[in-house]
Each structure stands twice: as C-alpha cells, then as structure tokens.
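Written out below as structure tokens is the structure these notes cover.
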Amino acid sequence: MLPKGYFTFVLHSHLPYVISHGQWPHGMDWLNEAAAETYLPLIEVFQQVAAAGRDNIGVTIGVTPVLAEQLADERFKASFVTYLGQKIVSAEENRVEFERVGDSYKASLAANWRDFYSRTRDSFAGPLEGDIPGALRKLQDEGKIEIITCAATHGYLPLLGRDECIKAQLMQGKATYRRHFGRDPVGTWLPECAYRPSYDWISPLAEEGYGPVKPIRRKGIEQLVSEAGIRYFIIDSHLLKGGKAIGVYMDRFEALQRLWKQFEQSYEPRPEDTEYTPYMPYLVGDISHQDPVAFYTRDPKSGLQVWSGEWGYPGDGMFLDFHKKHYPGGHRYWRVTSAKADLADKQVYEPQRVPGIMDSQSSHFVSLLEEIIGQYHSATGRNGMITAPYDTELFGHWWFEGPGWLGRVLEKLRASSVVHPSSCGAFLDQARPKTVVGLPEGSWGEGGFHYIWLNDWTKWTWRHVYEAEDKMCAVAGKLTEGTTEQIYRVACQLGRELLLLESSDWQFLISTWSARDYAEARVVRHWENFMRLHQMIGRLEQQGSTDDADWHFLEQCEESDRIFSDLKPSLWLP
C-alpha cells in the first residue's frame with residue numbers, strides 16, 4: 001500500500017578540527033565525547049533498525065569533511081580508546097565512593113556508566129574495528145541511509161569574501177567525501193543552513209579596507225553548489241515562507257540571549273508566505289545557465305517538538321540532566337527535574353522510568369508526522385516529505401536518551417501506513433521538482449541572519465579571514481607547471497591553514513562564550529601560521545631557498561594540522 005507521504009531525519013554531524021589542539025576542557029575530548037555519546041550509539045540504532053529489513057530507514061546524515069578526517073585519524077582512535085578507559089575507571093571509582101558512604105542507588109548508576117563505556121570500547125575495537133566512517137559507509141552501500149557532505153571546514157559561506165574560497169570549501173568537501181565514502185555526494189549541508197543569493201556584494205568590513213570595498217557581482221551559493229556537482233541542500237523554514245526564524249541555539253547559550261537582545265530591535269521578519277510548502281523540494285536560482293539545484297525546507301511543526309527548550313521532548317524532567325556532573329570523572333547522576341530547577345535542586349536520575357517516556361514521545365511524534373502528511377495529502381493530493389534537520393550531537397550528547405527516542409521513531413515509522421521513511425536523495429528522484437523559487441539571504445541562527453557569526457565580538461576574525469583569502473588566491477594564481485616542489489608543498493599547507501581559519505565554529509564559540517578563549521586562540525594560531533607560511537613562499541620565490549627554521553615550522557604545521565592530504569592549491573583559482 002502506497003503511503004500518503006514520507007519522512008526523513010537530516011542529522012548534521014560536525015566538530016571543528018581539534019586533533020593536536022588541546023584535550024580538556026576544549027579540544028580532543030569534544031571529539032571523544034561525541035563519538036562515545038552520539039556517533040556510536042546512533043550507528044548501533046541504525047544497524048538495529050536496518051536489520052529489521054527496511055531498505056531505507058529514514059535517515060539522511062551529514063558528516064562534515066573535517067569531522068570525517070578526524071574520525072579516520074589514527075591519533076583520534078588512540079585517544080578515544082584511552083578516553084574510554086579513563087571513563088570506565090572513574091565510573092568504578094565513583095561506584096566504590098558511593099558504596100563507601102552508603103549510597104547504593106548512586107552506586108548502581110555509576111555501575112551503569114562503567115558498563116556503558118565498557119560496551120562502547122568493546123564495540124569500537126570489535127565490530128567497528130575503529131572505523132566510524134566505514135560503518136556509516138557500509139550502511140549507505142546497503143541502501144539503509146544516505147550520507148551528505150558539507151563545506152570542508154564548515155566555513156560560513158555567505159560571508160566568505162571571494163567565490164573562489166566558497167568553491168574551495170565545497171570542492172575539497174566533495175573530494176574528502178569521495179575518499180571516505182567511495183562515491184560522490186548527492187546533497188550537501190550548508191554550514192548553519194546559511195544561504196546568499198547572487199547580487200552585487202560588498203564586504204561588511206569595506207570601510208576598514210578588508211574584503212571587496214566596491215560592489216562586485218557574487219555568485220549565489222546555489223551556483224557554486226551546482227558547479228560542485230551537488231544536487232540539493234537544506235534551508236530553514238523562514239527562508240522559504242517568511243515569518244520569524246525559529247532559531248536553534250538560544251536555549252543552550254546564555255550569551256546568545258544577551259546578544260539577541262542587542263539585535264532584536266532591528267530585526268523585522270518577512271511577512272509569512274503561504275504559496276510554498278516545506279513538504280516539497282523546489283529548485284533555486286537561475287537554472288538557465290547551470291544544472292538545477294534543489295532545496296529541502298525544515299518543517300517547523302515537527303522541529304519544535306525537539307528543538308524547543310520550553311516544551312520539546314529533551315526537556316522532560318525524567319531525562320538525564322546535561323549540566324550537573326560529578327567529579328572526578330564528569331559522570332552525570334541527576335535528571336532535568338524541571339526547566340527552571342537550579343543545579344542544587346536536581347533530583348537523582350531514575351533510568352528505569354525513561355523507556356516509557358521515550359515510547360510515549362516517539363508515538364506522539366509519529367502521530368504528529370501522520371497528521372501533517374495526512375493534512376497535506378488531503379489538501380493537495382500530493383505525496384510530500386517532512387524534512388527534520390537537527391544537529392546530530394543533540395542525540396546522545398546534549399540529550400542522552402535521544403538515540404533511543406530516534407530509534408523508536410524509526411521503528412514505528414516502519415509500521416505506519418501513512419508515512420514511510422525515505423531520504424532526501426531518494427525523494428528527489430521521485431519528486432522531480434520543477435518550480436523555481438528565489439530565496440533571501442539568511443541562516444538558521446537566531447534572527448535568521450548572520451549576526452551570531454558577524455558582530456562586534458567577532459569582527460576582528462573576519463579581518464584575518466579576508467586578508468588571508470586574498471593572499472591565498474594570489475598564490476594560487478601564480479602557481480604554474482614550473483613551480484618548484486618546495487613552493488607547491490608550502491602552498492598546500494597554506495590552503496589548509498586558510499580552511500581552518502575559515503571555520504565558522506570560531507565565531508560561534510566566541511559569540512556563545514562557551515569556549516571563547518580557545519576559539520580566539522585558534523583564530524590567532526591559524527592566522528599566524530598562514531602569514532608565516534605566506535612569507536616563506538615569498539622568500540622561496542625571491543631567493544630560491546629559505547632557512548632550516550622555516551622548514552621546521554612547516555613540518556610542525558603539517559603535523560598539527562594534518563588534514564586534507566589530497567588538497568590542491570588550484571582549488572582557489574577562479
């Protein structure tokens with residue numbers, strides 16, 4: 001029996017490059033935490049649902065190139081095993097401590113943590129053979145999930161100063177995807193769902209002399225996506241329909257609430273447009289001179305059920321609290337309790353009460369999907385698709401019960417006669433969109449625009465980005481077949497440092513104050529690395545050689561920022 005419509009989770013998996021750049025509290029342990037709490041639990045869920053026989057389980061998962069590179073790195077694998085061992089030991093120490101003071105209930109929770117990390121270590125070293133990208137690739141090769149790509153280091157594309165730099169982000173992202181997943185990607189996640197159409201663009205720092213100081217015609221993001229051979233991307237609902245942007249970060253970061261108050265006075269949402277629907281893909285931009293690119297739109301109704309800090313599923317008082325931790329070890333033994341409960345008022349976690357809540361919430365979610373699709377089908381006679389994008393790390397890291405909830409949703413969709421699971425690429429082949437829509441500029445951040453990434457706190461970072469971009473494009477333009485191997489080698493590392501400098505994570509972490517010092521230090525480090533390497537190229541061009549200190553510095557950069565081994569400076573050519 002044919003369904004009335006379809007559904008897909010779109011999970012965006014991303015962390016900035018942290019290998020060789022710190023451990024705790026900022027650095028490698030971000031990656032270790034995400035792998036233990038999110039990536040491995042979700043892979044287990046996908047495998048369990050896939051084993052039930054459904055060809056397409058309803059998951060479109062993005063893995064950013066910079067994340068794929070890190071997960072495949074032997075340095076991560078060694079660090080992860082060590083991290084898991086430390087968590088096992090600290091949980092057992094907690095158990096002994098709780099038993100000593102007569103708290104047998106918390107001792108049982110500590111034993112649960114010990115067993116959780118032991119199972120994770122056994123799975124990683126055993127069935128997965130330490131290969132997280134490989135496990136996802138296998139699921140895609142079997143037709144169970146779809147993997148999409150992203151800009152290489154999650155650069156904030158609308159604000160990058162040159163089209164060549166956007167192209168480099170997209171093309172390196174595509175090449176890295178091919179290397180890890182054995183095929184070309186069909187879709188891409190635009191970092192922060194940020195889009196800019198084609199128009200005469202001027203740098204936001206033009207008055208200071210950074211970036212284009214006079215208007216220049218910029219390609220729309222969709223044109224560059226098309227040139228990369230990618231067929232679709234994802235946008236937030238307000239870019240299609242107007243209205244107020246939902247926002248996805250406000251509830252997690254107090255600094256954003258303060259920043260938003262400054263910005264809100266000048267924010268006027270576009271009038272809501274009822275002509276278009278988030279339940280069908282559309283084409284975007286001028287398709288007369290390019291292969292058409294489609295976009296999917298986040299469904300606001302189902303999205304709020306998870307994203308909302310006020311009444312979303314993760315806020316249930318019985319779920320594990322993210323913030324309150326026991327030291328040493330950092331294990332969590334308390335539940336949310338209530339949205340406004342102080343840390344001192346958090347009550348002890350009761351895992352035995354959680355499965356029933358996940359069952360109820362997942363049933364409610366599937367009923368909501370059936371209601372949405374049923375209403376759309378009745379009104380239009382068309383088989384639409386609900387697109388539900390989330391940060392992957394929400395499931396497991398921020399919301400410990402998230403993977404269990406998601407697995408229950410996928411299992412219940414298998415039994416639905418109204419909504420069937422699908423993926424963005426699969427539905428695109430079925431829907432074959434023909435309607436062309438012009439999209440405004442914006443993102444899925446609060447206010448729907450760029451202010452989280454460009455504000456008084458972050459403006460200085462863009463001065464470095466714009467100057468480095470100009471220098472990189474100039475270097476790429478001077479490389480010829482006669483360029484020495486020495487200059488070419490330095491130019492490759494120059495490109496890596498620029499890509500890392502362009503990561504949107506730095507501005508985000510500065511604006512949220514969640515790791516501000518770390519992010520500022522990373523911007524400065526990649527900027528200084530870039531500038532010294534650029535000076536080294538100048539000496540090689542003028543003198544034909546340089547000193548041993550320069551070569552030692554290059555080797556240090558190649559070791560600490562060992563990413564994108566296939567990078568070519570020609571990416572920065574027009």
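Backbone N, Cα and C define each Cβ position, glycine as well.
For reference, TrEMBL has these:
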DOMAIN    8-260  domain 'Glycoside hydrolase family 57 N-terminal'
ACT_SITE  Glu192  active site, nucleophile
BINDING   Arg298, Gly315, Trp444, Asp505  substrate binding site
ACT_SITE  Asp391  active site, proton donor
DOMAIN    464-572  domain '1,4-alpha-glucan branching enzyme C-terminal'
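Taking the C-alpha positions, the distance from Trp444 (substrate binding site) to the residue listed as 'active site, nucleophile' comes to 6 Å. Every protein chain shown contributes to the tally, and the Cβ of Glu192 (active site, nucleophile) ends up with 25 other Cβ atoms within 10 Å. In space, Glu192 is the closest of the recorded positions Glu192, Arg298, Gly315 to Asp391 (active site, proton donor), judged by Cα positions.
Same-chain residues at least 6 positions away in sequence with a Cβ under 8 Å from that of Asp505 (substrate binding site) are, in sequence order, Leu15, Pro16, His154, Ala519. When DSSP labels each residue, the domain '1,4-alpha-glucan branching enzyme C-terminal' (464-572) comes out as 86 helix, 1 strand, 22 coil, counted as helix, strand and coil in that order. Within 10 Å of the C-beta atom of Trp444 (substrate binding site) sit 26 other C-beta atoms, taking all shown protein chains into account. Summed and averaged per residue, pLDDT over the domain 'Glycoside hydrolase family 57 N-terminal' (8-260) gives 93. When Cβ atoms from all protein chains are considered, those within 10 Å of Arg298 (substrate binding site) total 25, not counting its own. Cα of Arg298 (substrate binding site) to Cα of Glu192 (active site, nucleophile): a distance of 13 Å.
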